[in-house]
Each structure stands twice: as structure tokens, then as C-alpha cells.
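Please read the structure below before turning to the comments.
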Amino acid sequence: MSATPSPASPSPVEAAPPEPDTLAVDGGLKPAGPTPSQSRFQVDLVTEAAGSDKAAASDCSSSATGDAADKAAEEAKGRFRVVNFADPRSAASSPDAAPADGIQNGDTVMSEGSLHSSTGGQQHYHYDTHTNTYYLRTFGHNTIDAVPNIDFYRQTAAPLGEKLIRPTLSELHDELDKEPFEDGFANGDELTPAEEAAAKEAAEPKGVVKFGWVKGVLVRCMLNIWGVMLFIRMTWIVGQAGVVYSCIIVAMATVVTTITGCSTSAIATNGFVRGGGAYYLISRSLGPEFGGSIGLIFAFANAVAVAMYVVGFAETVVELLHGADLVMLDSVNDVRIVGTITVLILLGISVAGMEWEAKAQIFLLVILISAIFNYFIGTFIPLESKEKYGFFGYDAGIMMENLGPDFRGETFFSVFSIFFPAATGILAGANISGDLADPQKAIPKGTLLAILITGLVYMGVAVSAGACIVRDASGIEQNGTLSADLNNCTGAACSFGYDFSSCKPGGSGQCAYGLHNNFQIMSVVSGFSPLITAGIFSATLSSALASLVSAPKVFQALCKDNIYPGIASFGRGYGKNNEPLRGYLLTFGIGLAFILIAELNTIAPIISNFFLASYALINFSVFHASLANSPGWRPSFKYYNMWVSLAGAVLCCVVMFVINWWAALLTNVIVLSLYIYVSYKKPDVNWGSSTQALTYHQALTHSLQLCGVADHVKTFRPQCLVMTGAPNSRPALLNLVHAFTKNVGLMVCGHVRISSRRPNFKELNSDMVRYQRWLLNNNSKAFYTPVVAEDLRQGTQYLLQASGLGRLKPNTLVLGFKNDWMNSDMKETETYINLIHDAFDFQYGAVILRLREGLDISHIQGQDDTSGMKDVVVSIDLSKDSDGDSSKLSSKATSVQNSPAVQKDKTSPTMPLNVADQKLLEASQQFQKKQGKGTVDVWWLFDDGGLTLLIPYLIANKKKWKDCKIRVFIGGKINRIDHDRRAMATLLSKFRIDFSDITVLGDINTKPKSESLAAFAKMIEPYKLREDDMEQEAAEKLKADEPWRITDNELELYKAKSNRQIRLNELLKEHSSTANLIVMSMPLARKGAVSSALYMSWLDNLSKDLPPILLVRGNHQSVLTFYS
């Protein structure tokens, strides 16, 4: 970069030459993170604490003025530290430093002259990477090789710290004269504690609320799982199913939720988890298709669940009001009024912030737990006044009577379907994963403990209720006391002196109390009945509040990923906690709409099914990730099993249909519809999902399986190595080959980059990414494979030998015709003809496409190898593959080598095309259009195994070519034309290839017209050897130096073959001048016997002045068969 000054006199930094404009750093405020204009090796010079007197004086002067930039510029001896690209005015330099003698080690000396001052306000310095060190203190010697650091593995949008970029392999490996790289920023040596604290404070805004596993997960899950069902349905379930079946029902539900909890824990511990709950877990595991469909319905289900819980609360309040003769309008409108007021209050709590919402949840949990304890305490306090309601305290007789089922209008599965929604809510903690301090620890611990505690409480309620409450009771004391003989009494209540048989089914009356008849029996049993009512309020409000928070959080994550266009505005965050206020309002609107309907019996099963669909996909995600066997799947939570997760997914689907079959069908239809939509839209995201991993795994497995199976003629596919160069430079060649390989065979776009010096492999690799993306964006199902070679033939030989993988290997070489062969160096023609010979040597078929106008449009587009690097490029941030905000693109313009996506500069002036270029451009696009009614003419003159016939058949089957009919032309004798036509028709029918006409050419061997012969003679005249006009030794030397020359002997020997090519061109013009495409058998030239110039003349004469023509020659192995 600059000469190293004498170490004897420390020259000031300002003596260094100024930084070039391209590396100038703006002195203004910069956002955190790398900027395009800042060097990877940009460093700040920090003044040593112990320096010379002059430096100390300068220090004092600098500190007095407060100008950190001048301070740095006045001291040359310093150390390097990480540049924090936050506000430079607020960054304080740390005084600690490495020892001065540590800067010099062996033959590596810090070059002060290599420090260039920037032209901006704050002084930054770029330094020579080969004479300075970042990790001097770590190893004691100079090295820019980075030690392991977590910041190298962060993603671009990492919320927990700044992403650092480790030195690239090129920076460590390339020669010393490399220019410094411009992207990224300094990695730096380790920060001091003060700098670490400052960086952390800058990375995380002050006041952000983060929850631990208790408040964030355990409390929320318990509140969501303990719903109204605990207080008003659990006792009824015991009455219907009995204690044993009730425990089985609870156990079955707990098994499903436990498996799902384990699966959730496995996904949550397989990397950093951001906000979005179920959507985030599923989308990052299975991809955007499943994640996007589940995310939308999961957010909607949570929004409607708000209404369901609020209506449950409102109905209880209205019942209490009506019991006190307080009626506003009528029962339905009273529910609407109370529900609207309630949801407004809940919205206010949610919008106030997560901290207020968490405090409200804690308060509600205290009430709920108090109510549960109140019930259990009440079961141990039997009161005589409660016996008429069927509560007698714990008794073995009551327990035995309630062990078995007593279904009345219900079945086991119908009772299970009523209970199961009470077990949902296990994702309440995961849904706010973005607000958890450590989601990887909090989600497994909180979720599984909540499932355990709630499951035990449900079972405890079932057992206690079955042990102390009878199924039927009249509630009337005078009618319930026994006055007759005890022998006529049946039931456990008889031992306590009560006979409720009169109001049991089959009796004279109807029992109003007992497990079967009174949903509020827990209030009767409890020690203080108003506390049970408070528990019901707490259960409903806490579940409503959790759903009101979950829905916007999930929706915000969905909006950020930009999977559904048009909804991004709802994901905008406000305040220090990034609260989605618009999402809250949307959730409030949906909830209020369903509250006003006040009829949720229909929508409730759909909500349960939406939740179950999420559970099923979470379980399936774990199975899928384990099946894909990706090295990236290594969750720290080990207590899961892929087959158990699969069983959990199946169980969830079964439960969906058990709860409500039509709701399950509707849920599946909605999920499938959204899946198809997202698949069709193909959002530009790459999250490293298990779908990608499994695709790779299957591709690898199937490729290996193919290698173990021998080729068979019935499974032959044309697999083409197409010498396109840059894929966008010969679109006609690409499009025509794509027409017969799309969804049929392999297509590899070969590109030989000719270089006599050492190739730029970095540029080669970036071009691979760039052109492969171009192919994908143009819906071309092909692979791009470049090679670097000293000449075209060598590079093509590399491709012929090494392209493909196992059986997925090209078998046909496709070339464009060399239109300019007569005006170019004949060595190029010699190379071109040798490509065809090499293809046959490697047992490839060969195909040549010729258009009158030509094929190469790179000089028009400016994308040839010399000018193609001038395109205006938008650099795509490759780290968006990860979980960062995939919708954000880097705005910096870079060289094309660093970018996979190319855009033309539409603002630059464009030169008008000349007539020839305009025709060339139109011709290059002709195969992109739908072909009108016309013909594909097949001139199958020589049997090459059938490739000449198979290619036009595949082309004619494509949508764009379906209006074109196949006409077949064959050679024959004049006296056997009908026989030859019938024979060919029979063969084609056996091959099951449709054709419209067969023409037998009996005059192929007729002598060509004299003007055609004269034109051919004129064409080959410059390439004759003319050995008769020179000495034999001179002729042999000239032939050795220029092997492409045509000898008189060769011309005479192949005169008949030359005439045939001339005559065939005349016949082609006569019969096929209006064809959409001509496919013709390519003439063969014996290697070493026919010169390149003569063979090229044959090909040129045969195909000139014609519609698009494909010259085809298979490798003479059958590719068609009529056997089954």
C-alpha cells in the first residue's frame, strides 16, 4: 500500500498519502453494522497510555479540545481495536493496550506508512493485512487468522450482538499483492469490558422487557390450559365417563400434548428462536409453504379464541346479573355489551405493554390457583347442608359407583372431543418466543412442566369428584330423606339416608344436581363458592388475554417474512418492545366481530382443529427433520424420538376428526389451499428447512440407486451438454434444447472460459451462483457448469468427461453452428470440428443448431466475457438465507462477481440496433413463443439409433409446439417408393410416434445444379492445399502446419459425398422452406481422413439458407424400441 518508513523516526500519520475517494468514510452518524464504503480491515488508532512526552502533550491538548479524531491522528504508535459503527461521537476509546514491543515480532513490523487517513470527519485507518495483526495478544505473534468467536456465526439481523465477518480464505491464502477487500468491516481483537458493555448497550435498546421461563412460559401455558372446562365441564365428564375413563381421557389428551411439547422443545432448542411461536417453529423447520399456511390460520384461530373466551366470561357475568334481576336489554345483547367492554379492557392491558400484561396474568393465576385449592379444600369439609346436592365427602361406595361409565346421549369419543380443547394452549409460551430472555431453555422447561401440573390437576379433580359426589341428586331435602324401607333404595347415597332414585332416568322426576346435571357442582363443593366464580372469570380472562397477545405476535412474524403480500403494514412494531399495535387492532376487530355474533358453538370446533393442525405439523416437523438426517439438526433437548413425533402427528389428525369431522375437513382444505398459494408464489426466502435437507437426501439416495441399474432403451432420455457459453448469450439454443429436455432429461449449460494465465476462481464461483440464479429466474431447468481451460477444445473435453453425476450424466453434445467460420482463423474451425469428433470418441451423440441470423447475442446485450462485467448489479445479501428479515436487500452496488442477480441499467442511454442485430434479436426469441400451425420436418436419412426421430417427437409434444405436425423424409429408390413409405409407416406406428406425412426421396443421388456446384467450389477454393503446384516436401510441411487444408486426392475421393450434401440442400429448400423446424441426420466425416475445412463445407452447404435446422447424429445405440 505504501512504503514502510524508517523505524528510527516515528513519522506522524498525517504524512501518509490521503485515502482514495472510493474508501472515504463519512464523518456523519452511521448505523450499526458494515457499510459499503468501509473496508474490512478498517481500524481506529487508539493512543497508548504510556507514550512520549510529545504524545502526552498532544494527548492533553486533544482531551482539552475533546476532538478524538485529532487525538488519534497525532499519535502513530497505537493498537487496533474493533470499530463500532454506532454513533462515533458517543464511543469512548479504551486506554488499555498491548505492550509496545509486541507490535514488532520477527520479520513482521507494523507499517505506520500503511495507515491512511480518511477524508471524513472521524479518522479511520486502513492497514496492510500482511504487516499487521488483530490477534497479537492471543498468540503472541502477528496473524490475521481469527480465533473462534460467536459473532462470526451471527446472522445479519442478529438481535443479541453485532455480526462480525471472519477473514476470507482469499485474504489468508492469496498472494501478498492482493488489493484490500471492500465489503464488511474489521473483526478486531477482543473488546475490553467497557467496550463490551457499550456494544451490548447499543445492540439492545434500554427498557426491553424479557421474560424468564416461569413468567413467560409456565404461567401462560397453565392459564391457557386451565380453561373454563376445569370448573364447569370436568365434573360432568366424570359423571358421563366415570373415574377410570375420565382418567384415560385426560391421559390421552396429555399424551398428545406431551409429545407435541417434546417436539416443540426439540425445534426450539435447535438454534436461536425469534418471535412468531408456532409459525416460526414450523416455517423454519418445514419451509414457508407449511409455515405460511399454518401461521395465518393459527393467528386467526387465536383472534377468534379471544371472542370465545370473552363470550364465556360474559355469559357467566350475565347469568349472575340475571340472578340478581339486573337485565340491561336481553340475554343475547347483554352478552354483547359485557363482551365488548371486556375486550376493550383487555386490549388496553395488552397495548400498555407486555410487562402490564404479564402482571395481569400473574394476578389471574393467583386467583385461579386459589380457586383450585378452594375446591380441593372443600372436598374435605362435608356439610350436611350440601348432601341434598349430592356431595357427601370422600366415600368408597361413591367411588366404586362412579368408577365405571354412565353415558347418557354421549359416547367415549364425544366426551373426549368435549374435553380435549381444555388440554390445548401449550403453545402460549412459545407464541411470545421473541419476548423470552432465553427461549431455548424457557420453552422446554415451562411447557413440559405446565403440561405435567395441569394434567395432574385435571386427574385430581376427576378422582376427587368421583369419590365424593353422586351422579344424581334432587336438591330437595324433604323429598330426599328416606322414610321408607332402606331395601327399596339403590345407589351410594342410600348409606347416607338419601334416595335420589325418583329423579334418576326412568324415575318420575328430573334431578337438577349431581355430576350429571349440575355444571356448577364445583361451586357447591368448594369451601367458598364465590372463589370458584372468580376462578371461572380468571380462566376465561387469562385465556382471552393470552390469545389477544399471541395472535398479533404470530401475525407480526408472518408479516415480516413477507409471505403474503399486502399485509406487511400490520406487522409494523412500535415502542421499545416493538409492539405490533396494528396487529392488536386487527385482532381486536376480528374478536369483536365474533363477540357480536355471540354464537360460537359452530366456530369453537374449528378453532380446536386449527390448533390441532398446528400441533400435527410441529410433530411432523421433528419427524421430517430427523428423517432428512441433516447435520444442522442437533437440538440440545434430547428427549424426543422421530417415530414418537410421527405418532403424535397422526394422533393429532385422528383427534381432529374425532372432535368434529367436518371441521377437520374444512381445516385441511384451508391449509392445503394456503399451501398451494404459497407454493405458487414462491417467496424468496431460504431458511434451511428440513424440506431442503430431505430433498438433498432423496436426490443423493436416488442418484446412488440409479448407478446400480444398467441403462435400458425404454428409459433413455436425451441428456444434453449445451455449449451455450454464458447462458443468456445464446437464448435460441437454450430455449430449443429446453423444449425437449424440460421434465424429460438433464440439461447442462457448459461454459469454457479461456485463460492462459492463472484463473480467477473467485470470479468463477460467483459466476456459477449468478448464472444458475439467472436460469432459475427464467424457468430454465438446467445446470450451469463453467470450466477454465487454455482453449475451447480442452475445456469441452473436461466437460465431456466430468459433467454430471453417476447416471445423471450428459449423453448428447449440443453446439451452435459456427456461422463465421469463413471469416475467422481456421484454427478455430479446426477446434470446432474436433469438438464433434471428441463427442463421438466419448460415445456422445452430437446436435448442431443453425439459424440464418446466428445465435450469439452477447454483443447486443453487453454480456460477453469482455463487457459483461459492466452490468449494473443489485447485490443480494446472502445472509437472508438465514432467519433474518428476508425481505430486506442490501442497497449497495457491487461488482458482478459478488452478485447472483443482474439487472440492466435502464437509465443508461441505449444505442439503436442496426437491421442485422434487430433480426438477430428477434430470431433469438422465436423459440420462446408459441409456434403456430406448421410442421417439424424430420429428414431421417441415416439410422443413428433413433435420436434424430426422438428429439422432434419430444419437441412436438410440448405445449408451444402442439400445433406443429411431424413430417418424415427418407431416402429411397424411385422404383420402391411405395414399399419404402409403407415400411417407414409401419416402423413409426410400432414406435408409437404420430406423423402427418412420409415422403420418400428417390432423387437424392441426382447430380446437383451447376450453380450449386460452382458455389461449393468457390467456397472451398481458399482452403485447398494444391499439392500439385508445389514440391512434395513443401506440400507435406504445409499440410502438417495447416491440417485443415483440403487435398486434391481427398476432394476426389469424397466427391460423391460432397455432391450429396449439395443436392440435399436443394431438396431441403424445395420441401422444407416453410417448416418451423428441420431436424436432419448429420453427415459423418471419418476422423483423420476428411479435413476440417471440407467437413465444415459439407455442414455449411447442407444447412444454409433454411429455416432453423437441427443436425442430429446419435451414438448409434438404440434410443427407441417397440417392445414393451
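Even glycines carry a Cβ here, placed using N, Cα and C.
TrEMBL has this to say about the protein:
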REGION    1-41  region 'Disordered'
COMPBIAS  7-20  compositional bias 'Pro residues'
REGION    87-124  region 'Disordered'
COMPBIAS  87-101  compositional bias 'Low complexity'
DOMAIN    128-181  domain 'Amino acid permease N-terminal'
DOMAIN    216-721  domain 'Amino acid permease/ SLC12A'
TRANSMEM  217-237  transmembrane segment
TRANSMEM  243-273  transmembrane segment
TRANSMEM  294-314  transmembrane segment
TRANSMEM  334-353  transmembrane segment
TRANSMEM  362-383  transmembrane segment
TRANSMEM  412-434  transmembrane segment
TRANSMEM  446-467  transmembrane segment
TRANSMEM  531-551  transmembrane segment
TRANSMEM  581-600  transmembrane segment
TRANSMEM  606-627  transmembrane segment
TRANSMEM  639-663  transmembrane segment
DOMAIN    730-1124  domain 'SLC12A transporter C-terminal'
REGION    880-909  region 'Disordered'
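By the Cβ criterion (distance under 8 Å, sequence gap of 6 or more), the transmembrane segment (606-627) is not counted as touching the transmembrane segment (581-600), fewer than 3 such pairs being found. Away from its own ends, the transmembrane segment (362-383) comes close to residues 215, 219, 222-223, 226, 230-231, 391-394, 457, 460-461, 464, 467-468, 522, 525-528, 531-532, 534-539, 541-542, 545 of its chain (Cβ-Cβ under 8 Å, at least six residues beyond either end).
In summary, the transmembrane segment (294-314) lies against the transmembrane segment (334-353): three or more C-beta pairs, each 6 or more positions apart in sequence, are under 8 Å.
Of the Cβ pairs linking the transmembrane segment (412-434) with the transmembrane segment (446-467) and spaced 6 or more residues apart, 3 or more are under 8 Å, so the two regions touch. Across 217-237, 243-273, 334-353, 581-600, the stretch most heavily in contact with the transmembrane segment (531-551), judged by Cβ pairs under 8 Å, is 217-237. Contact between the transmembrane segment (639-663) and the transmembrane segment (243-273) is supported by 3 or more Cβ pairs under 8 Å, counting only residues 6 or more apart in sequence. Taking pairs at least six residues apart, the transmembrane segment (243-273) and the transmembrane segment (446-467) share three or more Cβ pairs below 8 Å and count as touching. Highlighted: of the candidate stretches 334-353, 446-467, 581-600, 446-467 has the greatest count of Cβ pairs under 8 Å to the transmembrane segment (217-237). Taking the domain 'Amino acid permease/ SLC12A' (216-721) as a whole, pLDDT averages 83 in the prediction.
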